[in-house]
Each structure stands twice: as structure tokens, then as C-alpha cells.
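Working notes for the structure below.
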Amino acid sequence: MKGKIHNRTVFEPEKATVLSIRELTNQEKLFELELDNGESLDHKPGQFIELYLPGYGEAPFSISSSPTKDGPFELCIRAVGRVTNALHRLDRGEKVGIRGPFGNGFPVESLKGQDLLFIGGGLGLAPLRSFINYVLSKKEDYGVTTVLYGCKNPLQRIFTSELERWKELKALDCIETVDRCPVDIDWEGEVGVITKLIPRVDLDPETSYAIVCGPPVMYKFVMQELDKKNLPDDHRFLSLERRMRCGIGECGHCQIGEYYVCRDGPVFNYADIKDEEEAI
Ligand SMILES: Cc1cc2nc3c(=O)[nH]c(=O)nc-3n(C[C@H](O)[C@H](O)[C@H](O)COP(=O)(O)OP(=O)(O)OC[C@H]3O[C@@H](n4cnc5c(N)ncnc54)[C@H](O)[C@@H]3O)c2cc1C
Ligand code: FES
């Protein structure tokens, strides 16, 4: 794969400016960025970019804002290591480099008219948020929409104000759970792992599609619950994460069986990858 994606090269980062930084939890910050060339990112929900920070290196991040939102785009970044901790120390106005968008994204067009069940765990809500807000801005194009979100405890919830807004909307059902809740924290939602919410969803296997993103441990148990609902394998889309380098299918770093996650994913149809040993 050579040359350009839109007007940007796949190898040369495009300069971008940090417009704002919002703390979501003590581990995650939401970065609003704008390309210095004035172009919009022109991404699909579920795609990712490679972000380059001079002096520290490059790392892939899902685009968390919907393409229906004009201008700047958003990344939700958890501080875990060298690049991400350095990003958390940035201030407004500082410059980074952006390559992409890369990957296939969610099949937003072919899912039109269908019922959607979003299942997000922890930071997995970041890419799902792009698709959920896309659906909300084109509500007439999609059927019944349900969002299930789970994280370890109430302090680790990301996009809290948006989750509260979604719960108020008639356009979708949003149910949250936490694995456990410390006694000194107020929490009126559910307690228990996210798979406990799935039996409560009224799901028509013919018209429903599940869109899943979360920590690796979650997928196997979510698939088991969806089996109990008789949801066909090809009605399940999973966004997977692997360590990456090039982001464009050249280095083999992100390989799962015959697939490169950066090029063939990160979104996979479960029917295609269920027999790949390392996929889930
Ligand atoms: C397609 C894709 C989308 C992603 N989207 C997001 C996102 O929206 N927000 C976000 O915060 N992160 C996201 N990540 C993960 C992010 O890329 C890593 O956290 C980042 O590369 C870590 O870089 P670092 O230099 O800070 O950490 P390092 O110093 O390189 O590593 C710190 C620790 O994290 C582990 N680690 C690093 N990368 C990964 C990984 N990909 N999977 C598992 N463990 C890893 C290392 O083994 C090490 O233990 C995504 C990754 C991929 C592949
Ligand atoms: S990161 Fe190089 S092939 Fe996927």
C-alpha cells in the first residue's frame, strides 16, 4: 500500500494542533485535535490514526468522535507507557503528527436499517462512541439501538456526561454496570460483569447486529452470551487491538493468522476470525 490516503501520505505524519484536553478519569484524557492543513480527518467510525509525538515515538489510537462532527476530531488516551504518558503531559496549542485514518472501520452503510447492540468494556467505549454518535445523528437510518457499557468501578467510567445523556434519550437504551463498587462511592447503576446485561436485551437474531469492543478477556464471554441469544456469527462485529508498528500492513507486527489487524481490521466479522486461535 503506497501513496496517499485522502490528501495525506501514509508515511509522513501531518501536523496537528491540540485544541483542548479534558481529564475523563485519572488514567484517561480526551484530546481534541485539528489538522494544521485545515482538512477534516474524513474517517469512518472504528478507524484509527497513528499519532507521532516528537522525541517519544508513535502509537495507534481509535478515533473517538463521529465523522458527522465537523472539524476537529477526538482521541481518548489512557496513560500506560512512554508515548501515552508524554501525551498526558501536553498542553493546549502543542503540536503532534497524525498518519491515517487507517483500518476498515465499522460497516456503517451495510448496517443501515438493522437493530444495533453496542457492547463496550472500559476503554472499548472510545471507538464505539464514534459509531454511537454517528447513529444518533442519522437515527432514521438505524433500528432499535442499545448500548451496554461496563467497567471495573464507577471511577473508571469514561464519557460519563455522554452516558448520562444517552440514558435520557428515547433514541437508544443505555445500561451500565461496574464489576464492583467501593462502599464509599455513590453508584445507582448495576453491579456485575457486562455479560450479565446481555440476557436482559430483547434481541431479534434476524435483524440484530452486535458491535463489541473491550479488553481481550471480555470477548469470549460476550460471544457465549450472544450464542445463547442465537445471534448468528456473521451478525457480530468485533474491534480488536494488537501491538502495531507501521499501521499499513507492511511490517507484520499485528498479524493474527492470515490477517493483519491494521489493514484487515481492526474491525472483524466474528464469522471470519472465530477459528483463528489467537484472535480472541
Ligand atoms: C487499533 C488500535 C487502537 C487503539 N486505540 C486506543 C485508544 O483509543 N486509546 C488508548 O488509550 N489506547 C489505544 N490503543 C492502545 C495504544 O496504542 C497503546 O496504549 C499505546 O501504543 C501505548 O504506547 P506507550 O508508548 O504509551 O506504551 P509502551 O511504553 O509501549 O507500553 C506500555 C505498556 O503497555 C503495553 N501495551 C502497549 N501497547 C499495547 C497494545 N496495543 N495492546 C496491549 N498492550 C499494549 C506494553 O506491553 C507495556 O506493558 C489502541 C491500539 C490499537 C492497536
Ligand atoms: S502494524 Fe505493520 S502490518 Fe500491521
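Cβ coordinates are placed from backbone N, Cα and C, and glycine is handled just like the others.
Under the heading [2Fe-2S] cluster binding site, TrEMBL lists Cys246, Cys251, Cys254, Cys262. If you look up TrEMBL, you'll see 11-108 marked as domain 'FAD-binding FR-type'.
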Residue counts (helix, strand, coil, in that order) that DSSP gives for the domain 'FAD-binding FR-type' (11-108): 7 helix, 44 strand, 47 coil
Sorted by sequence, non-Cys246, Cys251, Cys254, Cys262 residues with Cβ within 8 Å of centre, [2Fe-2S] cluster: Met244, Arg245, Gly247, Ile248, Gly249, Glu250, Gly252, His253, Tyr260, Val261, Arg263
Count of other CB atoms lying within 10 Å of the CB belonging to Cys262 ([2Fe-2S] cluster binding site): 26
Cβ-based isolation winner (fewest other Cβ atoms within 10 Å) among the binding-site residues Cys246, Cys251, Cys254: Cys251
Helix, strand or coil at Cys254 ([2Fe-2S] cluster binding site) [DSSP, three-state]: coil
For Cys262 ([2Fe-2S] cluster binding site), the three-state class that DSSP assigns: helix
